[in-house]
Each structure stands twice: as structure tokens, then as C-alpha cells.
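This structure is in C-alpha cells; I'll ask about it shortly.
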Amino acid sequence: MTDQLTHFNDQNRAKMVDVTDKAVTHRVATATGQITMHPATLQRIHDGQIKKGDVLAVAQVAGIMAAKQTSSLIPMCHLIPLTGVDIHFTDNGQDTITVDALVKTKHVTGVEIEALLAVQVTLLTIYDMCKAIDRGMLINNIHLVEKDGGKSGHFVYPSTPKS
């Protein structure tokens, strides 16, 4: 871990980091998060019985769109040409959906924030589409799972076993 913050200038004011001289490399980031709900809500999602439509299809598209809009939402993020965004859903068969986002680029800076934002917007979309029947849903455990590429190299979240 580094202790130097790069988003401040010599006057201690915010700045966007200059990446002009950085090398273009292949960069990948994976993030994850969960939403826990009443078991009946999860069953209705699986059965296609949510009035707003296909929850997972809409949430998947929302997550992809979010990754593409990251630089418009997070002030110091660079506009990055993404080469791929994929959203995956798994559930425990009871009350929790896990969302994983994989984001790729070939550029001068990483896509960790894009992956994290994709997960968060995907989860918020699930919440939005199901809130009429379950306002007690809990969004949690959002974190970067893995990132690779660039000067800082490879990172794996400490509690994630390496495969």
C-alpha cells in the first residue's frame, strides 16, 4: 500500500492525475457485491413475477451502462475506452444475489472504479425494481476482488482464495 495521495496539487487542492506518459497496457478489474432480500422476493425474481419486468436483465444493462459512465460520475476518474464489461449473477437459492462485474480495457489507467460502480448500480437497480414488495433489502459486501495490469501490477482481495 502506498501512503502518497496523487489527486492533490502542490497547493493541496484537487487535481486529475496526469497519465500522459503512462504505458498502454491490458487492464482488468473484477468487483463483487450482494443484495439480501426476503426469500419470496428472490423466488418472484426467478419466476418473472416482478411488475417492473425482468429484474436481472434490466440490472445487467444498468451495470454495463454505469461502467461506461464512470468518468461522468466520479470527478477524478479518467474517461477510459472500455473493451469489455460483463455482469454475472449467482444466488444462494434462499435470499441473496451476488453480482460480479468484470471490466477490461487496453489503456493507460485501470478500471477498478468502473467495476465497482457497475456492481453498485446493478445492485441498486435490483433494489429499485423490487422495492415495492420488499423495502428491507440489504446491499452489502461491495469490494474489488481482483485487478491486473499497469505499474501497480496484480491485486487480489485478501480474503479471496487464489485459484
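Placement of Cβ uses the backbone N, Cα and C atoms for every residue, glycine included.
As annotated in Swiss-Prot:
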type	residues	note
BINDING	M76, C77, H78, I113, E114	substrate binding site
ACT_SITE	D128	active site
Return the member of M76, C77, H78, E114 nearest to D128 (active site) in space, with distance defined Cα to Cα and candidates limited to these binding-site residues.
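For D128 (active site), the closest Cα among M76, C77, H78, E114 is found at E114.
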Where among the binding-site residues M76, I113 do you find the Cβ with the fewest other Cβ atoms within 10 Å?
M76
Taking the Cβ of H78 (substrate binding site) as the centre, count every other Cβ atom within 10 Å, in any protein chain shown.
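There are 15 of them.
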Let me make sure I understand the span of the substrate site: among M76, C77, H78, I113, E114, what is the greatest distance between any two Cα atoms, in Å?
12
Same chain, not part of M76, C77, H78, I113, E114: whose C-beta falls within 8 angstroms of the C-beta centre of the substrate site? Give them in sequence order.
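Near the substrate site, the remaining chain residues are T70, S71, I74, I80, T109.
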Name, in the order they occur in the sequence, the residues of the same chain whose CB lies under 8 A from the CB of C77 (substrate binding site) and which sit 6 or more residues away.
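When sequence neighbours closer than 6 are ignored, C77 (substrate binding site) has T70, S71, I113, E114 within Cβ distance under 8 Å.
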Can you check which residue among the recorded positions E114, D128 has the largest number of Cβ atoms within 10 Å of its own?
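Highest number of other Cβ atoms within 10 Å: E114.
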